[in-house]
Amino acid sequence: MTVFKHIAIIGLGLIGSSAARATKAYCPDVTVSLYDKSEFVRDRARALNLGDNVTDDIQDAVREADLVLLCVPVRAMGIVAAAMAPALKKDVIICDTGSVKVSVIKTLQDNLPNHIIVPSHPLAGTENNGPDAGFAELFQDHPVILTPDAHTPAQAIAYIADYWEEIGGRINLMSAEHHDHVLALTSHLPHVIAYQLIGMVSGYEKKSRTPIMRYSAGSFRDATRVAASEPRLWQDIMLENAPALLPVLDHFIADLKKLRTAIASQDGDYLLEHFKESQKARLALKTDHDIRP
């Protein structure tokens with residue numbers, strides 16, 4: 001059972017609204033206060049009964065909280081932290097849910113130097129966003145990565161781990177640097193590819209003035225599903241994780257050039273071996289938990 005009695009959730013998109021629902025479902029004794037900068041989102045949160053209190057004042061939301069869960073875009077973390085800082089209790093724990101860790105941790109530490117911060121990243125989601133997109137089961141059996149540093153109190157880490165486990169998550173610990181490299185490979189690069197692929201095909205369609213995408217089969221739809229994700233959110237992620245993403249992107253481009261060379265030179269042996277190795281890796285992935293991005 002979580003030790004937290006009052007949780008404030010800042011940002012009510014997919015992750016924030018799901019955390020609110022999950023907290024109410026699995027931690028019914030916890031008071032949940034909610035804040036989002038959007039009046040429309042706040043009104044939807046009230047209509048959906050996502051929390052005990054939905055406020056238009058971020059300081060009111062966090063004033064009594066012993067856990068503040070930050071579910072805002074990574075480039076909004078600093079603004080949010082500065083806005084809520086004067087109202088925070090001394091012993092409150094701050095936990096972000098961002099997809100980038102190194103830069104976000106620095107931003108939070110700069111703005112909240114006297115508070116305990118336990119960075120986290122639930123590896124759960126869909127291409128949908130907003131308070132209506134969330135659901136209480138989102139985190140069930142999905143990894144939640146915690147990236148504390150040497151100065152993070154062990155008790156605070158345990159409290160945050162217990163909370164995520166209470167609402168369904170599976171805890172993993174790693175350094176912030178390793179997290180950003182891993183996510184550049186497994187999440188951020190796939191989003192780059194999805195946005196670029198559907199953008200390229202759409203461009204072909206517009207230029208040729210002939211229908212193309214109406215003939216897309218399952219492979220195209222699967223490969224581009226995450227391009228339906230919120231663009232501004234992913235703009236922030238790409239820019240904030242550029243130090244980890246750019247080398248990964250360079251590696252991908254180099255490998256793509258090798259494939260092009262093999263196709264141009266009719267090197268079937270290279271293609272077959274490459275496809276076999278890739279198939280083997282994908283089939284092995286199916287035996288583990290299939291994580292939504």
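Even glycines carry a Cβ here, placed using N, Cα and C.
Packing around ALA22 (NAD(+) binding site) is summarised by its Cβ count: 23 other Cβ atoms lie within 10 angstroms of its Cβ, all protein chains included. In the three-state DSSP classification, ALA22 (NAD(+) binding site) falls within a helix. The NAD(+) binding site feature in Swiss-Prot is assigned to 6-30.
Taken from Swiss-Prot, the feature domain 'Prephenate/arogenate dehydrogenase' covers 5-293.
The Cβ of HIS6 (NAD(+) binding site) lies under 8 Å from the Cβ of VAL30, THR31, VAL32, SER33, GLU64, ALA65, ASP66, LEU67, each of which sits 6+ residues away along the same chain. Summarising the environment of VAL30 (NAD(+) binding site), the number of other Cβ atoms within 10 Å of its Cβ, over all protein chains shown, is 20. Cβ environment of LEU14 (NAD(+) binding site): GLY125, THR126, ASN128, ASN129, GLY130, ALA133, GLY134, LEU138 lie under 8 Å away, each six or more residues apart in the same chain. Other Cβ atoms within 10 Å of the Cβ of SER18 (NAD(+) binding site) number 28 in total over all chains.
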